[in-house]
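The feature transmembrane segment is assigned by TrEMBL to A:20-44, A:83-101, A:122-148, A:154-179, A:191-210, A:244-265, A:303-321, A:347-369, A:399-420, A:440-459, A:466-485, A:505-526.
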Amino acid sequence: MSALTGTVTLTRLALRRDRVGLSVWILGLSALMAGLTAMTVSALPTEADVLHETEFMAGNPAMRMFGLASGASVGGYAMIRNYLTLAVLAALMSVFAMVRHTRQSEATGRAELVGAAVVGRYSTLAAAVVVTIGANVVLAALLGLAMLVNGQPVAGALTAGAAVGAVGLVFSGVAAVTAQLSSSSRGANGLAAAVLGVAFLLSGVGNMLGSVDAVGLRVVSAWPAWLSPIGWGQQMRPFGGDRWWLLGVFAVFFFVLLGTAGLLATRRDIGRGILAERRGPATAAPGLLGPLGLARRLQRGPFLGWAVGMLAFGIACGAISDATKDMQGAALDWYTRMGGTDRVVDAYFTSIMSMAGMGVAVFTVQMLLRMRAEESEGPLEPVLAAAVSRPRWAMSHLLNTWLGAVALLLVFAVGMGLAAGQVLGDTPAQLRALTGAALVQLPGFMVIGGVVIAATGLLPRWAGPVSWTVLLGSVLLGPLFGPSLDLPQWAQNLSPFTRIPKAPAADVTATPLTALVAVSVVLAVVGTVSLRCRDLALPA
Amino acid sequence: MSTAIAVSGLIKEFGPTRALDRLDLTVGTGEVHGFLGPNGAGKTTTIRILLGLLRRDGGAVSVLGGDPWSDTVALHRRLAYVPGEVNLWPNLTGGEVIDLLGALRGGLDPARRATLLERFQLDPTKRCRAYSKGNRQKVALVAAFASDVELYLLDEPSSGLDPLMEAVFQDVVQEMREAGRTVLLSSHILAEVEALCDRVTIIRAGRTAESGTFDELRHLSRTTVVVETGKPISALDELAGVHDLSADHTRARFSVDPGELNQVLRNLVEFDVRTLTSSPPTLEELFLRHYGNDDGASADAGAGTVGSGGAG
């Protein structure tokens, strides 16, 4: 019996199980691509618009985090705006599919049933690989088609599709390895997602630290971007060179990952992971013994991940701060408007700190929604059945989240200040300005956190959607997008981020800060009181 | 006897459905009280109201002399709870969870914790995500019994335990009774309730169907009689209080209402009784009667829920 016996049957089984799920993913992503491209086409009617917007995305170091400019074209601009989103979603689709057909089958015992039949040692893995390769090839073709129907050039459209599909493929390889490492599907998905996070960090930082060509329309990335599959996809430069040879890099990496997964698969027992389930302490450390200690423990993992990311982006943002002096045209206008001053370095500091404040608001929502998860998944029940009041429990989560958010802002400011000191000189002054500006951001995430608490108390089942919607709305109406979209002032004023003083560019006044803190306190009190007064929505 | 738990006329509604409909429950201090009912009868809802996790819509509830909704924290220092479905934090170890829950309740006895870990054969260094359902249940049981409290609320605590661990669990509950603690034990496992409980309350569709000691409950129920006679038996089914008669010439099997037993025996004597066995109803039969008195189909449904576990 060969090691691959039964692969065909298992592939058909996997396709049968996934016929709806994968189809929805692939068609959904293709529709997203078609819609986003159509929006870009209609938003950039003239050559001048394309030039202006591309120049802005290329010349603005902070924006380079999200997309790589490869020259002025409508398709190219669409890729700057949308490539990252599509690549991350394609990677997630592939990770989930790979884990579903390997680790999850083992965890549920299905693999044991199958393994007892006439099936080769590598057949399960091989079937999952065939399915994810197929899914990503189809995805790449449909994404290309989605750009073609929007009237984009054939070569660029196909390169764009391939650049996204190739990222998906590589991450199915990553998941094939993590599925061998971890003994749970949640763990395998989590490890692969962490690799995805690092890939984004490397490509983002590499692009930020890159340089613009003389025309100001094409960015040459720094070396970190070349360490990331997401970066390789950008370097394929759809509509701006169409470098197909990079598919070879993807392919080599993919097969190395598969080989690793195959090797690992032979070195472990069914149901187990290569990483043994680690033993832990038999007794609790004194720091854990209380609601605050529990909240700290639950938030520790995500907090450390965030801290690494904030530090890396802080250093990157600081390192490019002298480049802002040379900024021209669209990028300069944007900073002057967002920062509210024509001293461009101050304007840059202000807008970057404002973005960091919004990033930390995302952290705040993520951490505080854990409360709702604790309730709906059940671990809250034994906590509140002990001598812990609901307000005390809620305050533990809130306090810990606030401390974490403040720490993240300070980590970001210190990283940025140290790096900015290297290129601009006078490190102490940069640190003072930036840590001060970081602390000014506090009321912003406090208001958003208040909304999460209020939603958790008043509308427990809707807490997630309500919180994320309010956050998204506040970001869209806030200083990052509001002024450039020419939104009416009253609409912009709805966002707490609009009310944050523009530090360090402008003087800090106490009134808006006090008002925001007051709003956040009212929201938190309303949420806590309604939490105290309602039934818990525990699992049946 | 003072009361540890006094519930009367308790009403709880979830939207249009009435989960508890004037439920009564009285648990005396120092007794082990069985709380029986099929899935969906309202056992878990009742216990969550006793814990102040849910708010009552009507009726009176008193736990250890206090109101569970307003005196929550003070009361919770004096009681321990084991949920029916134990959901824990996947990345904490069992030992950490035991210490944490004990500390949140106001501290636990380290010596008792060590003994219980050994008796339940629980490895405290494993992460909760690696535990089976039975092992998660053991974590909650050790955390509860290692606390020195007056009242234990146990919601189907042994549904994931194997027979060996079930025996350990029963031993521990016996020790709690000897130490004068009060236990409310919701359960599907009738043998467990019969072995442990002084009194039981049976609930059905959110209402108390029956409450009392086993003797009192048996008194309410029919005795099963199997008799062999010298002369052919006739006309037994015409007697008041005789049910489910199956007679075959000189052998008969039937059940008798407790009040009519004397009259029926007097009649039987005339057929020259050779042998007679009578058996009191088991809790199983009581249970089936309570949930199967409408028709045969619901009796089967009632039997199906026995021992099948799950939240009530």
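Each Cβ is built from the backbone N, Cα and C atoms, and glycine gets one as well.
Through the fold, the transmembrane segment (A:244-265) approaches residues 121-122, 125, 129, 159, 162, 166-167, 169-170, 172-174, 176-177, 179-181, 229, 232-233, 235-236, 274 of its own chain, all at least 6 residues removed from its boundaries and within a Cβ separation under 8 Å. Taking pairs at least six residues apart, the transmembrane segment (A:20-44) and the transmembrane segment (A:122-148) share three or more Cβ pairs below 8 Å and count as touching. Long-range neighbours of the transmembrane segment (A:154-179) within the same chain, counting only residues 6 or more positions beyond its ends whose Cβ lies under 8 Å from a Cβ of the stretch, are 29, 73, 75-76, 79, 83, 86-87, 90-99, 102-103, 125, 128-129, 132-133, 135-137, 139-148, 185, 187-189, 191-192, 195-196, 229-230, 232-234, 236-240, 242-244, 246-247, 250, 253-258, 260-261, 264. Same-chain residues lying 6 or more positions outside the transmembrane segment (A:399-420) and placing a CB less than 8 Å from one of its CB atoms are 292, 295-296, 299, 303, 306-307, 310-319, 321, 349, 352-353, 356-357, 360, 363-364, 367-368, 427, 430-435, 437-439, 441-442, 445-446, 449. Remark: the transmembrane segment (A:191-210) makes no contact with the transmembrane segment (A:440-459), by the rule of 3 or more CB pairs under 8 A. For the transmembrane segment (A:505-526), the partner stretch with the most Cβ pairs below 8 Å, chosen from A:83-101, A:122-148, A:347-369, A:440-459, is A:440-459. Using a Cβ-Cβ cut-off under 8 Å and counting only residues 6 or more beyond its ends in the same chain, the transmembrane segment (A:440-459) has close neighbours at 353-354, 356-358, 360-361, 363-365, 368-369, 371-372, 375, 394, 398, 401-402, 405-406, 409, 466-467, 470-471, 474, 496-497, 499-501, 503, 508, 512-513, 516-517, 519-524, 526-531, 534. Contact between the transmembrane segment (A:122-148) and the transmembrane segment (A:347-369) is not supported: fewer than 3 Cβ pairs lie under 8 Å, counting only residues 6 or more apart in sequence.
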